[in-house]
Amino acid sequence: MEDSLTRPSSPAGLSCYMAVSQLLGLTVIAMTGAWMGQYRGGIAWESALQFNVHPLCMVIGMVFLQGDALLVYRVFRNETKRSVKILHGLLHAFALVIALVGVIAVFDYHRKKGFADMYSLHSWCGIAAFSLYFIQWLMGFSFFLFPGASFSLRSRYKPQHVFFGVFLLVLSIATCLLGIKELLLFSIQATYSSFVPEGILANVLGLLLIGFGLVIGYILTRDEWKRPPLAEELALSMDFKTLTKGESPSSSQ
């Protein structure tokens, strides 16, 4: 009871920035759906509209859900660390599944239309982001959720896991920006310079994607907003460290 009183559930300012991040993320999804629906004809699988599944799924999976997965350690501050880890892993898994649907949609659309694959910078960055994201998830599961990994091994790998988590979000947003530009040049190249509504909407979408990434990055880099370990987690951590040095957990008492 005393611990819950001395530790605020949310530090000053965190809730506000979290709300802004969610508002930006949901707006990005809504604008992507509006773009595909209003200007690209809608979304369907067994038709020429199959391509439109790709941008929507990639924005939902590789941007919004990936960003939210990075934030769970800031939001759920008083839950057990294992529960937060499971939620973190599940959100990344959902993101991967949704992104996979988007990848399949664009490759299947290209196959049906006879279009070439993997020639643009957008496609290279996109397949790299998705592949690395899958590897990152497998590595994270193996080190942090699979019970076989040692404490010392987890500690050594954790900085790399955190770095690549942020890097992949940045890469995913950059790939989306390349995709927006590519789609605009393919679809409205002749009128793009005339400030047509579709071009303006897509440009605003790009700026909102950047804003989403900036807010997520700001939240993640504020040291005072990091999830503090619970008392039992600190005790367990000290016991693990003591055991790895070949001592008894109670020898220091």
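Just so you know, glycine gets a Cβ as well, placed from its N, Cα and C.
Some features that TrEMBL has for this protein:
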- 20-221: domain 'Cytochrome b561' (DOMAIN)
- 12-33: transmembrane segment (TRANSMEM)
- 53-74: transmembrane segment (TRANSMEM)
- 86-107: transmembrane segment (TRANSMEM)
- 127-149: transmembrane segment (TRANSMEM)
- 161-180: transmembrane segment (TRANSMEM)
- 200-220: transmembrane segment (TRANSMEM)
Among the ranges 53-74, 127-149, 200-220, the one whose Cβ pairs under 8 Å to the transmembrane segment (12-33) are most numerous: 200-220
Winner by Cβ pairs under 8 Å against the transmembrane segment (53-74), considering only 127-149, 161-180, 200-220: 161-180
